[in-house]
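In case it helps, TrEMBL gives these features for our protein:
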{"type": "DOMAIN", "residues": "38-154", "note": "domain 'Acyl-coenzyme A oxidase N-terminal'"}
{"type": "DOMAIN", "residues": "159-267", "note": "domain 'Acyl-CoA oxidase/dehydrogenase middle'"}
{"type": "DOMAIN", "residues": "298-460", "note": "domain 'Acyl-CoA oxidase C-alpha1'"}
{"type": "DOMAIN", "residues": "499-676", "note": "domain 'Acyl-CoA oxidase C-terminal'"}
{"type": "DOMAIN", "residues": "724-841", "note": "domain 'Acyl-coenzyme A oxidase N-terminal'"}
{"type": "DOMAIN", "residues": "845-953", "note": "domain 'Acyl-CoA oxidase/dehydrogenase middle'"}
{"type": "DOMAIN", "residues": "984-1146", "note": "domain 'Acyl-CoA oxidase C-alpha1'"}
{"type": "DOMAIN", "residues": "1230-1337", "note": "domain 'Acyl-CoA oxidase C-terminal'"}
Amino acid sequence: MEPTKEVSSEVDPYENMIQAGDNPDITKERKSASFNLYKMQCFVYEGQYKLKRRQEILDFVESHKEFDDPVHPHFLNREEQIDRATRKCVAMMNNLEAIDVTDYFDEAPLYQFLTIGRELHCLSLHYGMFLPTIQNQCDEEQLEEWLGPAASKAILGTFAQTELGHGSNLSKLETTATYDAKTQEFVIHTPQMSAAKWWPGGLGKSANYAAVMAQLHTNGENKGPHLFMVPLRDTTTHLPLPGITVGDIGPKFGINANDNGFLIFDNYRIPRRNMLMKYSKVEPDGTYIAPPHSKLGFGTMVLVRSLMIRDQASQLGSAAVIAIRYSAVRRQGEINEGEGEVQILDYRTQQYRLLPQLARSFAFLFAGYEIRATYLHVTKLIRHSANTELLPELHALSSGLKAVITWEVAQGIEQLRLSCGGHGYSRASAFPDIYTYAVGGCTYEGENIVMLLQVARFLMKIAKEVRTGTPKLAEIAEYIARTDSGAARVSRWKTCADEDIIHDFEAVTRKMIFSAFDRLKSLEGTMKKKEAWNACSIDLCKVARMHVKTYLVKNFLARVRTCEDSASKTVMHTLAKLYAFDLISGAGGHFMKGGFLSETQANQVQVDIYEMLNSLRPEAVALADSWAISDLELRSVLGRRDGNVYPALLEWAKASPLNKSEVLPTFDKYLDPMFKEGRSHLMEQAMVHEQQPASEPSPYANLIQHGDNPDITKERRTASFNLHKMQCFVYENAYKVKRRQEIHDYVKSNKDFEDPVHPYYLDRADYVDRATKQIVAMMRHTDAFDVTDYFDEGPLFQFLTVGKELHCFSLHYGMFLPTIQNQSDEEQLEEWLAPAMNRAILGTFAQTEMGHGSNLSKLETIATYDAKTQEFVIHTPTMSAAKWWPGGLGKSVNHAAVMAQLHTNGENKGPHLFFVPLRDTTTHMPFPGVKVGDIGPKFGINANDNGFLVFDNYRIPRRNMFMKFSKVEPDGTYVAPPHAKLGFGAMVLVRSLMIRDQASQLGCAAVIAIRYSSVRRQGEINEGEGEVQILDYRTQQYRLLPQLARSFAFLFAAYEVKAMYFKVTAQIQKSANTELLPELHALSSGLKAVITWEVAQGIEQLRLSCGGHGYSRASAFPDIYTYAVGGCTYEGENIVMLLQVARFLMKIAHEVRTGTPKLAEIAEYIGRKDSGRARVRSWKTCSDEEIVHDFEAVARKLIFSSYDRLHSLRGQMNKKEAWNACSIDLCKAARVMHTLAKLYAFDLISGAGGHFMKGGFLSEQQSDQIQADIYEMLKTLRPEAVALADSWAISDLELRSVLGRRDGNVYPAMLEWAKNSPLNKTEVLPTFEKYLEPMMKEGRSHLGISSEGTPHVVQCTASPLASACPLRVYAQARQTA
């Protein structure tokens, strides 16, 4: 059934959106909008009809029980996920009458998201690539043979192009198809391991056919890559055919319901006619007939990318909807004291995180519309006149849009997730699934750097034509030929014309294009063309990005002009300008070069952004609602339409499979024996290793061995430094390097720590079991390491045994024990410390609540003192007061240090800590009055049973309040603590440990990426010289080496903060002087915020640098990332941390201005006077002092600029309102405090060019020199890269990465890892008999095909419908049958 396109009459804009029982905050937001929601939704979706169809499809799916989920998909193991996706996919195919099957842009994707969710599945490539390949690459006879069965799903196919050793470089694929004229067959063969087909969706266990790309050899000649129709499995038994080895490649970052597979051929024969022969062919005698030259292949790619852009925009839109709705109902902190907690959407910093991302989502959606429309227009022209001139330009643009949009969508989703604090880390939020689904787009359908360089090649061609006076330009790129027209025209956002904004973007992009062109031509005079291209490639990528962003701005503004409703148009126009101004702000260095954008204009752009945020604030929720995304499609507890987040979050957590039982098997197996042992022993003394001088080993000891990949051995031998000496420098001395090896050897030699099954293959319950087993075993081997060394040996021992996981002991040692040690009086220490140290009890730290994170003063859990019984009554008064997130709380710990509001004698004395027993120490059952459980699966760290905790008037003795500093007397009298800043010290120490850990994670990621880049060969720089290591590409060096520099910068910062902490602590003990602690606390807060975010971004950059393989969990990147990125929200949310730094800086600025500064070494530069212009020059001659001078000068200027603006605003509003209005600038000032090395420093200057160029501090010539110096440093560091990575001295056991193996033998290890996937224990999964076999039998039955016969040829009498939509072919086949 194809729906009739009837246009509905206008409906109530709030129909279905505002209902009884909704959260009042979200209802208020919806009613505050200035535009009609329905009219805006019609604009967003191009008309009333499409909006109506969205609702009709939703109603259809919700009314059909075959689409129900009896168990939430987040609670399923991988095989169950595949079963669910296959079941739903087949059900979806059996209900195609619900949608217009030709609408693959809107209705088909919506139908899939509503039924299956954000997953690819076993039919994704069947419809996405296999069927289109048959339609577009087969001759008439082949269409007759294969189209009907494929469209009717009598056969199920995939598309096998990518290989283990080759991705984007099609011409160097290694799979061969050699023609045998005697038998008229092709012999398909995998000549070596790197030639194994890798990644095709559905290949692992589902597909029985594949369109295979292989090098065609005939009559002794290689004719290049061609496509072949290859049967893989018997159509009856589903077993692989002889000569075929096929299987699943194992778990990935996301899309785990899809059985991506590997495929190996062993001289496997197929008929000659199984070569797809529409354009080229091989005659029976082996004669090769070449295809006619054609650019029409561009068209398909453009269409596919328009679908990708549409999909990516939808994912960013979904993330924005969740974050904005949640920010409307989440209340945290006060802006004006005494006026109650505000919606976090009221904070300027929150608006700055959310609204530009919402603007991006619409910009990308409208770009998808425009590319699709342009493609259809060009296709129509080609049909009428065969003119393909416009296709290359459109192809280049679509390539650039794919690259820019997929990366910005990934970054945007993570920004939106982080804006939701800790709850964004839970899979209940949907953010982890949205991110892992969307970020795959950065590498599939063309790796992003490759895509950008395609755009750059087109732009350089245009630049050459313009310079030679022969340009052939379509509308998209015609601006390149215009002449420059003076300075920037951008002005106040309310009066600035669209044409002025477009003028400025075009002028800047034009200048960048010709600057890159001139540099390229200059380099071509000194080296080969391809070498010059490689040397210039970083600039070329920047040019390509700016060209794409210029298009996005122009298209967004143009689309807004088509809006017919004036109220909707006004709001959307503001959003479009916000998008443009935010881009100008982010690319300030490019706009300010040569004085094009003045400092006054740059400052005004920033002020205008803040004004637009303020203007859009009341429209935010309604703008999010304009996406018209239902709860079923969103699948998010945080983003629910009704805003009732907290009850839904608790309900979701209770459904966690770990909560089916109060006591997990881990208690009887590991924890109970440990508790009993702890109770029966006295506290053991920790073993402290005496530091003995280590003899100097060979610099290559254990690193270069027989059988290593020769590329990685060559790299190690090219280093100019002694590796051991470098490692001693990195780890501060030879002793620590020696201890790393000794601890590694100890763990390797103990069977207690062996993993019979790779942890990545375990479901969550088994994962928790493994971690508990390993950590209890670790506690029995504390003689192996210095337990007092929580900076190096402790974390190393844990990573070697448990891996990159938090576990049930993490908060016991990290927070519970330190709380007892630092907050207990002598009597309490006597009672609690020994049991906690001996693990006779196991505790956690319960502070965060479901409704409160960073704002300690507004916690809701109460502890009311009852003087009659001398007890505290602990109670959870509202659902939002439930304790949420404490590690180990769910199922492991039996005690907690609980933060609660202390009430005594009718007064609230604020938050205090209490020692609270939770579970019976014998049975492990929760005590009456205590409800406790696991909060469900998360983005990462799923071996840790983070929990929720609800008290129902639960009583504890008076002495269970921690009483070292404050206390309650038996009669209820409250004794306040002495004023002290000593609490800062513990936070500084914890953050130094965090920084050390984060540096280590970035170091691990850099090691993996650099080692892999040294053994991965892809493409040629100089033709005919063979494929090069991808580490030779300048763009790859630019991705890797600055991140390696960051990892060392962060490590050394951690050392310094730790040393400063101990120095300050010693001074306090000696003289009780705490003056330096606030400054050190501010620095550690800022380092925590800056480093955790930069580490997260860096790990993802490094993962993406490894292409598709970085998406596999075999690479270890997904686990490193999900472990590290949690640091952005725990131990203080990053924006809160930055504002703490800013508060300290504004205090210092005030003291400097009033002549009363009290400055320690860290911030003394703020009191200095400015000293002229930038001193930075060529990196080889520039001194450290000159670099530091320039950073301090820019930081100083930012600080006083923010201070002046803050004081200016205080003249118009109260202090807290002024602080909120100024908070974005204040965060920027805090970010400049870094410890620097030259590459790191120059890369920072390059990235923050706008700040350095303000007021002419850094000249255009200096800016260009910095960029040139970065490229020189990359070139200089290139031969040192692997050895520098080895300097981290990270073993394979700690790294746990197939890609980053010491020996560089990646491909054999990758295949071995995949073969161990649990899905490969059997050749045929149950999904075949349950869903796929009945589907294929039905397809064969409809077409009159027998199930018997040769699997090589499937005969069919279907009519040739080559130009039809695949789903329409299937639908018509069903109707005919």
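Using N, Cα and C of the backbone, Cβ positions are placed for all residues, glycine too.
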Taking 499-676, 845-953, 984-1146, 1230-1337 as candidates, which has the most Cβ pairs under 8 Å with the domain 'Acyl-coenzyme A oxidase N-terminal' (38-154)?
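The stretch with the most close Cβ contacts to the domain 'Acyl-coenzyme A oxidase N-terminal' (38-154) is 499-676.
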Can you count helix, strand and coil residues in the domain 'Acyl-coenzyme A oxidase N-terminal' (38-154) using DSSP?
82 helix, 0 strand, 35 coil
With CB pairs under 8 Å as the measure, which of the listed stretches 724-841, 845-953, 984-1146, 1230-1337 comes out on top against the domain 'Acyl-CoA oxidase/dehydrogenase middle' (159-267)?
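Out of the listed stretches, 1230-1337 contacts the domain 'Acyl-CoA oxidase/dehydrogenase middle' (159-267) most.
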Counting each residue once, how many in the domain 'Acyl-CoA oxidase/dehydrogenase middle' (159-267) are helix, strand and coil under DSSP?
6 helix, 49 strand, 54 coil
Check the domain 'Acyl-CoA oxidase C-alpha1' (298-460) for me and report the mean pLDDT.
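Averaged over the domain 'Acyl-CoA oxidase C-alpha1' (298-460), per-residue pLDDT gives 91.
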